[in-house]
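Worksheet: the structure to be examined is printed underneath.
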C-alpha cells in the first residue's frame with residue numbers, strides 16, 4: 001500500500017509544471033499520503049536532494065511559470081548503476097512511488113525505473129507536444145500563445161519593410177507547435193519535420209506569391225530543420241527581397257501558464273494519485289478527446305505512434 005510518493009520535474013521546463021506539482025501534492029495530501037519533492041530531476045534523485053512538501057509548499061504556484069523544484073539534464077541516468085542508487089535513495093526515504101513530469105527523455109527515465117521494479121507515473125510536461133498517448137502536453141498552449149504573439153509582432157515590421165521573415169519555433173522533431181502557431185498567426189509558409197522540405201520549392205512558392213502582388217511573407221519553421229540564417233540568405237538571393245531570420249528560443253518556455261494549461265496540469269496531477277491508489281504503476285497520463293487516459297509507459301515509448309495533423313497542414317495550404 002502506498003503511503004509516500006515522490007515528485008520531480010525533468011528535462012526542459014514548461015509552463016504549467018508548477019500547477020502539475022501542486023495537483024500531485026494537494027491530491028496526495030487529501031488522500032492522506034506524504035509527498036517528497038525532488039530537486040533538479042533525476043540528478044537530484046541520484047544525489048538524494050529532497051524536501052517534504054505540504055499544502056503551503058505549493059501555495060501561489062498555480063500561476064507561476066517554470067518549476068520551483070528545478071530541472072536538469074542528466075544523461076548519466078541511462079547507467080543502471082546510477083539508477084540503482086536513485087532507487088536506493090527512494091527506498092531509504094520510504095517513498096513507494098514516483099511521479100515524473102517532463103518530456104520523452106523524462107519518460108524514458110521513468111520507463112527504466114519501472115523496468116527495475118519501481119512504480120512510476122509519467123505526466124507530459126513539454127511545450128513540444130510530442131508525447132505519445134496524449135492530444136496535448138502541459139505547457140503547449142502557453143507556448144503557442146507566446147509564438148503567435150511573436151509572429152504578430154514580426155508581421156507588423158515585415159509588412160512595414162516589405163520583408164520576408166523566417167521564424168524558428170521549438171518542437172524538436174515535432175511540428176505541432178509550428179503548425180498551430182503558423183495557422184493562428186497567418187503565416188504564408190510552413191516548414192515542419194513531418195513534411196519533406198526542399199528550399200527550392202519554398203522559393204518557388206514565395207516567388208509565386210510575389211508575382212500575385214504579395215508584399216511580405218512569414219515562413220514558420222521547426223528548429224533543427226536547417227540553418228535559418230543560411231535559408232534567409234538563400235531566399236534573399238533568389239527573390240531579391242530582404243529576408244531576416246528570428247530564432248524565438250527559450251522565451252517560448254517561459255511565462256505564466258494560460259488557464260487551459262493550469263487546468264490540464266491540475267487534472268493530470270490529481271489523476272496520477274488516483275492511478276497510484278488504484279495500484280497502477282508504470283503508467284503515463286494523457287488527455288484524448290478531453291478525457292483523461294493512461295497507458296503502459298513501456299508500450300507508449302516503444303510501440304505507440306503519434307499521428308501528424310495532416311488535415312491541419314492541408315487547411316493551412318488553402319489559406320496561403
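Using the three backbone atoms N, Cα and C, a Cβ is placed for every residue, glycine included.
What Swiss-Prot lists as ATP binding site is 12, 73, 74, 103, 104, 105, 106, and the listing cites sequence analysis. Every protein chain shown contributes to the tally, and the Cβ of residue 12 (ATP binding site) ends up with 22 other Cβ atoms within 10 Å.
If you look up Swiss-Prot, you'll see 22-26, 55-60, 155, 186-188, 212, 214-216 marked as ADP binding site, on the strength of sequence analysis. If you draw a 10 Å sphere around the CB of residue 59 (ADP binding site), it holds 10 other CB atoms from the protein chains shown.
DSSP assigns residue 104 (ATP binding site) to a helix in the three-state reduction. Taken from Swiss-Prot, the feature Mg(2+) binding site covers 104.
Positions annotated as substrate binding site by Swiss-Prot, on the basis of sequence analysis: 126, 127, 128, 163, 170, 171, 172, 223, 244, 250, 251, 252, 253. Within 10 Å of the Cβ of residue 251 (substrate binding site) there are 13 other Cβ atoms, across all protein chains.
Neighbour count (other Cβ atoms within 10 Å of the Cβ, all protein chains): 27 for residue 128 (substrate binding site). Annotation comment: Swiss-Prot describes 128 as active site, proton acceptor, evidence class sequence analysis.
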103, 186, 216 filtered to the binding-site residues whose C-alpha is within 10 Å of residue 128 (substrate binding site): 103
Residue 73 (ATP binding site), number of other Cβ atoms within 10 Å: 14
Shell of the ATP site beyond 12, 73, 74, 103, 104, 105, 106, same chain only (C-beta within 8 angstroms of their C-beta centre): 10, 11, 41, 102, 108, 109
Residue from 103, 104, 170, 253 whose C-alpha is spatially nearest that of residue 216 (ADP binding site), among the binding-site residues: 170
Secondary-structure category, per DSSP, in which residue 253 (substrate binding site) falls: helix
Residue 12 (ATP binding site): nearby binding-site residues from 126, 212, 244, 253, Cα cut-off 10 Å: 126, 253
Cβ packing number for residue 103 (ATP binding site), 10 Å threshold: 23
